[in-house]
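Undergrad: Once you've had a glance at the structure underneath, I'll fire off some questions.
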Amino acid sequence: MIDERFGLSRHVTLPGPLRLDGGALLAPVEIAYETYGTLAPDGGNAVLVCHALTGDQHVASPHPRTGKPGWWSRLVGEGKPVDPARDFIVCANVLGSCMGSSGPSTINPATGHPFAMAFPVITIRDMVRAQAMLLDHLGVGVLRAVVGGSMGGMQALSWPATFPDRVRAAVVIASTARHTAQNIAFHEVGRQAVMADPKWRGGDYRDDPPAAGLSVARMAAHITYLSEAGLTEKFGRKLQARDAKGFGFDADFQVESYLRHQGLSFVDRFDANSYLYITRAMDYFDLAEEHGGLLANAFRATAARFCLVSFDTDWLYPTIESRHIVHALNAAGRAVSFVELSSPYGHDAFLLDAPEMNRVVDGFLKAVA
Ligand SMILES: CC(=O)SCCNC(=O)CCNC(=O)[C@H](O)C(C)(C)COP(=O)(O)OP(=O)(O)OC[C@H]1O[C@@H](n2cnc3c(N)ncnc32)[C@H](O)[C@@H]1OP(=O)(O)O
Ligand SMILES: N[C@@H](CCO)C(=O)O
């Protein structure tokens, strides 16, 4: 019996093999994860929380290195909508990432060196299959719910499509069922920034990463997580305190130094090759294409209930993408709740204080209890 009221970083090596969508077999499969709460004797209270592109398993406990609160501690924790007093909560670092699960920085048993670009290309569905292997290991059969935002929402959609009998409810926030040309275009700019950095060296950078390229990639991506109104409210055209030199190409505008800060701090916490692999997995995501070209087909085999939330200023995954999913769920005869929330903060609103989002998720999860 697993009995952890509070988050505890763990790591498991599963023998596998895991057959990936690209055809490769991954073995062993390393998974870093945290659990909170107690698995009920009937196993019926498990909730899987899925993280976004650069997230990790520390969803509700302080990050072990920075001490910052868990990235979704506003939604997950004692007295929150996902509550360890009621739920057995699992959050795992996704396949391809760099926080302890198998990815390009994992040591390749065949060479004794990091896989780097020899790591197989992965998909969102591969991430979900790895999570299913972890749940098997933890003795979890059917999930009470799977919950995720952004790329976490893609996993939450992929779960009932991939394992129709293993999930009773899915909460999909600020997400999409496919990457659009614009989404792919922004990711490609970031990947090219990484690959154009001479330090990238085809991925074999070891202890001297392509920091400049990764930082620029994050700066470009971060703009897509915000909104014009949010940036205007926070920075407008405000300048830094100028020195005697006046005009020039230092970070004169505050928004510039903010973006540079976001880029530099990202390099401290994320691996460049993982960035390539995970953005690629998101670009390949097209749930309709995986199901004969019709999104409704993805949901026909499941009896899961769905809750979708979008934000009106999210131009990365705008509300129209959520509506597209709602129409497909309706066509498949699935029960779905959908709400568009108002926020000035763009896509990343799901990570910020969002009382309305909490109320919606709380009400939905209580209804499917
Ligand atoms: C989704 C998952 O699964 S987890 C992964 C999610 N985490 C991330 O994406 C981390 C990076 N993203 C962010 O910080 C996102 O904006 C959010 C939504 C998570 C946080 O938003 P906010 O709390 O509004 O933080 P904000 O965007 O204002 O950034 C604050 C930082 O910018 C710095 N900053 C603010 N203004 C400036 C400026 N003019 N010049 C330089 N730095 C500045 C602050 O000092 C602060 O630095 P710190 O994070 O090192 O303490
Ligand atoms: N800002 C979040 C969401 C991006 O989709 C992240 O970096 O993971």
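Cβ from N, Cα, C; glycine included.
Annotations in TrEMBL come from automatic prediction, not curation.
Quantities reported herein were computed from a predicted structural model and do not represent experimental measurements.
Sharing the features that TrEMBL gives for it:
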| type | residues | note |
| --- | --- | --- |
| ACT_SITE | Ser150 | active site, nucleophile |
| ACT_SITE | Asp314 | active site |
| ACT_SITE | His347 | active site |
| BINDING | Arg218, Asp348 | substrate binding site |
| DOMAIN | 45-352 | domain 'AB hydrolase-1' |
Undergrad: Could you state the whole-number distance in Å separating the C-alpha atoms of His347 (active site) and Arg218 (substrate binding site)?
TA: 15
Undergrad: In the three-state scheme derived from DSSP, which category covers Asp348 (substrate binding site)?
TA: helix
Undergrad: So if I take the recorded positions (Ser150, Arg218, Asp314) and measure from each Cβ to the nearest atom of ligand 2, which come out below 6 Å?
TA: Ser150
Undergrad: Return the residues near Asp348 (substrate binding site), defined as same-chain residues 6+ apart in sequence whose C-beta is under 8 angstroms from its C-beta, sorted by sequence, else 'none'.
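TA: Counting only residues 6 or more apart in sequence, the Cβ neighbours of Asp348 (substrate binding site) under 8 Å are Tyr225, Leu226.
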Undergrad: Enumerate same-chain residues with a sequence separation of six or more from Arg218 (substrate binding site) and a Cβ-Cβ distance below 8 A; give 'none' if the list is empty.
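TA: Same-chain residues close to Arg218 (substrate binding site) (Cβ under 8 Å, separated by 6 or more) are Gly190, Gln262, Gly263, Phe266, Val267, Phe270.
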Undergrad: Just to verify a number: CA distance, Ser150 (active site, nucleophile) to Asp314 (active site), in angstrom, no decimals.
TA: 11
Undergrad: Kindly state the mean pLDDT of the domain 'AB hydrolase-1' (45-352) in the predicted structure.
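TA: That stretch averages a pLDDT of 96.
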